[in-house]
Amino acid sequence: MSFFERSASSPLANQLLEIINRKQSNLCVSVDFTHSDTLLQLVDAVGPHVCMIKTHIDIICDFDINLVHSLSSLSRKHDFLIFEDRKFADIGNTVSLQYSSGAHKIASWSHLTNAHALPGDGIVHGLKKVGLPLNRGLLLLAQMSSAGSLADSSYTQATLDMARRHSDFVIGFIAQQRLGTLDEGFLILTPGVGLDVKGDGMGQQYRTPDEVVDAGTDVIIVGRGVTGNEHSVDYIKSAEQALRYKKAGWDAIRRVHHV
């Protein structure tokens with residue numbers, strides 16, 4: 001079964017695979033900026049080269065609803081999905097309110113979000129109740145790229161089992177390697193991808209696009225290797241770096257999956 005022939009677990013997963021194929025990009029850029037204007041300018045600069053943009057909306061100092069309207073407009077302009085990296089980790093009723101309500105109203109604009117499996121199936125039920133009618137999708141955190149992560153093999157297996165029980169809404173995992181079989185349709189998104197560094201001194205460990213795709217990754221997540229520092233951002237350089245990572249990621253996909 002080829003990379004694009006697999007039966008993805010949801011319409012949203014199929015949509016992402018179509019974008020990856022259409023743009024020949026498996027790059028997700030993580031934009032950890034704290035101001036709306038720099039975030040939007042950066043997204044506009046790198047948007048042509050990505051299949052997805054990852055945000056942390058709760059770090060934005062000047063958040064208002066116009067930001068997510070503008071972000072959604074850029075998503076349509078450049079043909080990418082939005083992934084709000086919320087890492088939900090509470091009981092079902094609480095996460096359903098966090099997802100649908102409050103200042104950020106994440107479900108109204110973010111195609112994807114993620115959650116820890118630790119609270120059990122209730123967390124997926126709570127998020128699914130809100131997200132499934134909106135054609136949203138969920139990623140479960142099965143493994144992390146930080147040194148000293150407590151997500152051991154038994155935790156990862158339990159997370160995979162949970163995803164199988166909710167494959168109508170869980171489209172994949174944040175993980176460091178393939179989980180399950182390709183024909184199950186789960187997508188693997190891997191952070192901690194870098195071409196130039198091996199660590200950041202704060203626990204993050206980096207691997208190259210070739211290394212993670214060899215291990216089963218579908219989408220590479222790159223942050224500072226593309227965005228640089230918000231206080232001295234160079235949008236032209238960020239676009240060039242995005243193109244560099246796009247090519248590296250796509251070359252790895254072509255080599256491994258013969259597409």
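Numbering starts at 1 and runs along the chain as it is shown here.
Positions of Cβ are set from backbone N, Cα and C atoms, glycine also.
Heads up, TrEMBL stuff is auto-annotated, nobody curated it.
Annotated features, as they stand in TrEMBL:
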DOMAIN    26-239  domain 'Orotidine 5'-phosphate decarboxylase'
BINDING   D32, K54, S145, Q204, G223, R224  substrate binding site
ACT_SITE  D85  active site, for OMPdecase activity
ACT_SITE  K87  active site, for OMPdecase activity
ACT_SITE  D90  active site, for OMPdecase activity
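Feature map: TrEMBL annotations on the structure.
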| residue | record | contacts (Cβ under 8 Å, 6+ apart) |
| --- | --- | --- |
| D32 | substrate binding site | H56, I59, G223, R224, T227, E230 |
| K54 | substrate binding site | C28, V29, S30, V31, F83, E84, D85, I221 |
| K87 | active site, for OMPdecase activity | N114, A115, H116, L141 |
| D90 | active site, for OMPdecase activity | Q98, P119, I123 |
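G223 (substrate binding site): 19 other CB atoms within 10 A of its CB, across all protein chains.
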